[in-house]
Each structure stands twice: as C-alpha cells, then as structure tokens.
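S.K.: Pulled these features from Swiss-Prot for this protein:
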- 435: active site, proton acceptor (ACT_SITE)
- 437: active site, cysteine radical intermediate (ACT_SITE)
- 439: active site, proton acceptor (ACT_SITE)
- 207, 222, 223, 253, 435, 436, 437, 438, 439, 620, 621, 622, 623, 624: substrate binding site (BINDING)
- 223-452: disulfide bond (DISULFID)
- 223: site 'Important for hydrogen atom transfer' (SITE)
- 452: site 'Important for hydrogen atom transfer' (SITE)
- 764: site 'Important for electron transfer' (SITE)
- 765: site 'Important for electron transfer' (SITE)
- 784: site 'Interacts with thioredoxin/glutaredoxin' (SITE)
- 787: site 'Interacts with thioredoxin/glutaredoxin' (SITE)
C-alpha cells in the first residue's frame, strides 16, 4: 500500500516549487552543495528522497546563513505536500479517526471548508513555510497525523480538524459563540474566527490538543494534579492503577502529592516511600517506551518529610544504587515560609538554626499553611515529635546540590500558592501540590483531580506596523492581544467540552472548576522585534502590561458567558470572586493601566459570576515554540545557536533575528563571515564576541538567559505575578565559574529573593551552563516536555 501511493507521480506544482527553491539556494552561492538533480517526472518517493538529501547537505550551513535555514524549512514543507492526500481520503482515514461530529460538520459545510483551505494555501501557509527548518520538521514529525501508505495530514487539514472541533462545541453554547464574534452568529463565522487564529499562529494550542483535537483518540487536557490519600503501599497501589496509570497512558503530565506517605523505613517496610517512587519510575518509563508524546510525573513533598534526603538523592549520580534510582520522575519541594524564614536567620548570622523532620505523626501539617502551620510545626518540635533535626544550611545545600546535579527538585512556595488561591483555603485544607511543570495551582483531593487545559498566545503575532503612509517602527497592539485572549478563552472552553478524560475523578475536576491555563510564548522575541533589550525599562513595562491585558480579556470573556446565561463554576458563591476580589487585589503597589475596564469587570463578576475558576498560567512552551520559531514562554533565549536532535538528525536553529542584524551591519560577505567566526569562537555570545556594546547598539540586545542578571528575571516574574492567577514555570539560568565551583549560596540567594518577592514558583529547572560549554544549548538536556505545550 505504501508503494502504491508514494510511487505515483508527484504533482507538477510541487516539483516546480522544489526547482524554484533550489535555484534560489544556488543564487545564494551554494551550487556545489546541490550537485544532485531531480528526475524529470519524479514519483512522490523520489521527491521525498531528493529533498531529504538536499536538506541534510545544507543543515550544517544554517549556522552561518539564516537564508538557508528558511529555505530548508520551505523544502520540508514541500516534502510534507508531497505526502498529502485529498480531503475525501483524509475524512475517512481510520488513522486520523475523526470524531463523528467533526466529520459531519465538515461535510455539511464542505464548500466553505474547501474555499477556506484554498485561501489558506495562498495566504497563511506561505507565512508558515517561511518560519524556518525547525518549525517545518516539528509539524512533519510530531503534529501532522500519519496515514497508511506514507500519507501525511496536510497543514490545512491539521488546522481544519482543530477549528471544526472548536466550532462545533462553541455552536452548542450560543453564549460562547456570541462572545467570540460580534454581529451575525453562524457556523462559518465561528469557524473562520478559530481557523484564522490557529492558522495565523496567534493562538497556539497545547500539544495534546494539536495531537488529538477532533479525533476519537487521546485526551486533550495537559495537566493533572493528584492528591490521593496514600499513606502506605496498600493504599498506593490502587492510586497508581486507577488514576496515575490511565492518565499516563493518555499522555497527561502528572503532579502527585505524596507527603502523607511518611512512614520511615522499618523492619516491616525497609524502603519507606522510596519503594513507591521506584515503582512509579518504572511505570513511567514503561509507558513512555512506546508513546509518540513522552509524559512525566512530578512528586510533591514538603521538606520536613522523614525520607526527604533519600527523595533528594533519587536521581542520577546521587542515587546510591539502581534499587532507588528514579531518573524518569521529578520531585518538587512544596516549601512552607518557615523554611525560608529560618534560612534567612542563618544568613543574618544566627547560629544553631535547625530544621526538623517528622513522620506521619505530623501529617496534619499537610493541611495547614501560614501562621497556623508555623505554630503547629514549632509545637511539634517542642513536644519532641521530630525524628531528626538538620542544620538549616545543610538542608538548603542538599536541595541545591540535587537541583544542580540532577535537574530536580523543583521548588514552590506552599504558602503563596494557598494565600492567592480563589478560595480561602484555611477553611478547606491547604493545597498540597502543583502539576508537572509547576505553573498550575489547583486544589485536589481523594474525590477529584485538578485538571488544566492549556493554550498560549504567540506574542510576536500581536505586533503591528503603522499605516503605509505613516513612518514608524513596529509597535505592540494590545487590541490584538485582547482579541487573542478572548478567542483562546472560548477555544479552550470548547476543547474542554470536546475532550474525554482518563478517569472519573479527572472528569469531575474539569466539570467543577473549568480551569483555563492561558500563557504566552515569544516574549523575548517580541522585545527583540521591538528593538528592546529585555533589561530595559520599556521591556519591563510592556511585560506587566501584557500580563494585565491577558488576564483582563480572559476574565472578561468568562464573565460575559455568565452574563449571557451560562452558569458560574461550582462554588463561585464561596469564592473570593463573589466578594468582588480580583487576583491583583492581594498584591501591594499594583498599577493598573486599564482601571475603568477592571472596575466594570469587577461589577459584572459580582452580579453574574465567572464561568471559569482560573485563567492565566505562564507555562513552558518547549514544544509549541518550535513550530512558531518564537522564544520559549517568557524566558530569554538560551543561546544564539540552538541544537535540536530530531528523528532526521541534528538541526541547528540560529537566532534568525541576530543573523539578519549581522547581515545588515556587515553587508560585505567577508566581513559578515568574519563576524560570525568571531561569534562562534565566543560560544555564540554577543558579549563575548564584541564586548560590552553601548546601549542602543543593534547587537547589544541579543543577550542570552545565562547572561542576564537572574535577580532581574525574577523581578520580571514578580512584576507580572499580580496578573497570573495560577503560577509561572520560572527556571534559573546559572553560568558556572571558570574554576567549576558553583557555591550553593548563589542559588539559595536567588530562591530567597523569589520568596521575598512573593512568587509561587521559586525554581522550575535550574539550568547550569558549564564553564566548558561551547555555547550551543542542546535541547532535551534535563528538560521535561510532557506538559510543556
């Protein structure tokens, strides 16, 4: 069957485009690299082989010529086209497995759909093709569905199934349709709104939505938070089999609170919680062994757990032997304020500051936070219930050493997460953990799981140019961001309705909370396109304004749903929202740029309610940023030359904006190549290559995450925290000193600063750039992608 399709003649239009593209590459001066020729009437298979040979030959040269990087991406899109099939075959493909309602909706509007796809080929698709090689490969290898005979879903069909799914479930709720479009509400208007936002890469769905949207396979939720009542192996096994296993098999990322499994090793149970962690590790590895999307688990513990030292030593070289090594799962410290208060006392010079560990006799501490936690913890210490006591600086060192050497634990601030939740958790029992990537804050218990559905706004698509007759530079269009936020709100709500969920407890969590996780990607790219250094006051101001507008328009859309007759989320009457409180009210010194809009929204929420309980979560966008060629999430770029190993080999992704700037500064080819040689010798660091350039120099803004002051990056997270009602997956980027000795105090000082600034996530990954690093950041190094969009 594969031979039948691939052996057919490739459409002449595709062959013509390939020849045109190759001729353009030759005009760049790369004729010698293109010695192979394409047969006069090639088959599809011959076209695939030819493009693969050409791209493989040119890939290494992308590091010195951004034009090749773009051209290779265009060639890969032509390779994709050579594998595309017609709409009729796609609709009936058993591998695509479209849901009945999606297939029926397409057939009912087939003329409009075909017209939309034809328009896409000559408009949005041209822009997509010119993004670059990594974007094209990511679509080809991961997101476009495979069919028998070597066929591949087309880009238009990919966006079609997502837009149709969202349209169908939006049309089932007239209020959702009315929020999405003004004026006439009809299927074609709703479809066009979704298709335009998706194909234009303004709204970027999470990876599960891109993989499974519109299909009768998989779940579209990204994040699951579990807090089963697990106290020993007897209660742990059912939790693993009934909740963890099904979610992992559906490719969901899991945050799992296990603090209550806190019986220290005894003769009857010689390994304590480590036996459970080893089982969980093996389960995760087994499920990932045959999946197209790796998944993961992060286990949450508080630092007073009896086995905390063993937990912190479970990965990599720190594990004493294979029986306790757990390299397939992560850990996160769910840290109370008291820990950092005591560490600060040590830093201030006070001696003898200890940290006490407790077993399950203190399990009730899990349900407490703030002053209540502190009082009870200290009472238990005075009463002698502790099983061990460690100098606070030693405990801090163990945490930091593990993070630096193994990439785990992450660290979150328990009290801040509970303090800023939309319910008063003092009456409900404290939140005990987050998700896999530390950006989702939801209450979970033995009756329901926390579940979050994600999407991000591609910020570079919110830039606009002045009218043609007016001189000026690009500017950030807040109206475009507002429209994108509202569209994303309706889109994710529609996908929430469309999705199935792996377990009953997960379904209940979705139905009762309707939690959205809207984030951003391309923040650093946006600054660069606006000619702003990330450290500039203008960038810091824009950073806050973006977060404010995202929250405002998402909440406004959700409140309007209730205003139009939909019911608020369960428990709204008991939430802070019902009292007119908004997320930023709990933060000091917040300046609003949309004060009147917030005042009107506050009134509407009190009167009508909110359809969703949560809105904004700044997630990592490791995977989806590859298809947009934007910087990941809210982080600066890691390097100016990114290396990504894919199914087709290594791909070098240059910083295209930097490369274009260098080309404009050095128009002579010999001077440009010399500048790139200098940059490569300096490990792709502009500062290392050209020194401290004056402010305003075209190259001065191209710093990497490792070159920025980490305190400043933490401050940027804190500046927008008032408008992020969930949390932010904030990583630290540390450069190792030349002598290779990295003091733990350097990282602890950053964690203390994050704590003092009131963040909820103190550290997602701690990324270390070794003194011997060549400046090429390798994708996959200690990076979890399962819930990273």
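Every residue, even glycine, has its Cβ placed from backbone N, Cα and C.
Since the structure is predicted, the reported quantities are computational estimates derived from the model, not experimental observations.
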S.K.: Which secondary structure state does DSSP assign to residue 223 (substrate binding site), in the simple three-class scheme?
M.R.: strand
S.K.: How long is the line from the C-alpha of residue 439 (active site, proton acceptor) to the C-alpha of residue 621 (substrate binding site), rounded to the nearest angstrom?
M.R.: 12
S.K.: Compare the Cα of residue 623 (substrate binding site) against each of the recorded positions 435, 437, 452, 764, 765 and report the nearest.
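M.R.: When the Cα distances are compared, 437 comes out closest.
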S.K.: Could you state the whole-number distance in Å separating the C-alpha atoms of residue 452 (disulfide bond) and residue 764 (site 'Important for electron transfer')?
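M.R.: Rounded to the nearest whole number, the Cα-Cα distance is 18 Å.
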S.K.: Between the recorded positions 207, 223, 435, 437, 621, which lies closest to residue 764 (site 'Important for electron transfer'), Cα to Cα?
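M.R.: It is 437, whose Cα lies nearest.
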S.K.: Three-state secondary structure of residue 207 (substrate binding site) from DSSP?
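M.R.: The residue in question, residue 207 (substrate binding site), is helix (DSSP, three-state).
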S.K.: Going by Cα-Cα distance, pick out whichever of the recorded positions 435, 437, 765 is nearest to residue 621 (substrate binding site).
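M.R.: Closest by Cα distance to residue 621 (substrate binding site) among the recorded positions 435, 437, 765: 437.
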S.K.: List the recorded positions among 207, 223, 435 whose C-alpha is within 10 Å of the C-alpha of residue 765 (site 'Important for electron transfer'), in sequence order, or say none.
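M.R.: Within 10 Å of residue 765 (site 'Important for electron transfer'): none of them.
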S.K.: Mind computing the max CA-CA distance among 207, 222, 223, 253, 435, 436, 437, 438, 439, 620, 621, 622, 623, 624, which the record assigns to substrate binding, rounded to whole Å?
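M.R.: The two farthest binding residues have Cα atoms 19 Å apart.
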S.K.: Measure from the Cβ of residue 623 (substrate binding site) and count the other Cβ atoms within 10 Å, all protein chains considered.
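M.R.: Residue 623 (substrate binding site): 21 neighbouring Cβ atoms within 10 Å.
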S.K.: In whole Å, how far is residue 437 (active site, cysteine radical intermediate) from residue 207 (substrate binding site) when you measure between their Cα atoms?
M.R.: 14
S.K.: Rounded to the nearest angstrom, how far is the Cα of residue 435 (active site, proton acceptor) from the Cα of residue 223 (substrate binding site)?
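M.R.: On Cα coordinates alone, these residues lie 6 Å apart.
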S.K.: Tell me, how many other CB atoms lie within 10 A of the CB of residue 452 (disulfide bond), whichever protein chain they belong to?
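M.R.: Result for residue 452 (disulfide bond): 29 neighbouring Cβ atoms inside 10 Å.
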S.K.: Select the most exposed residue of 764, 765, where exposure means the fewest other Cβ atoms within 10 Å, treating these as the recorded sites.
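M.R.: Checked 764, 765; of these recorded sites, fewest Cβ neighbours within 10 Å: 765.
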S.K.: I'd like to know which of these recorded positions, 207, 435, 621, is least surrounded, judged by other CB atoms within 10 A.
M.R.: 207
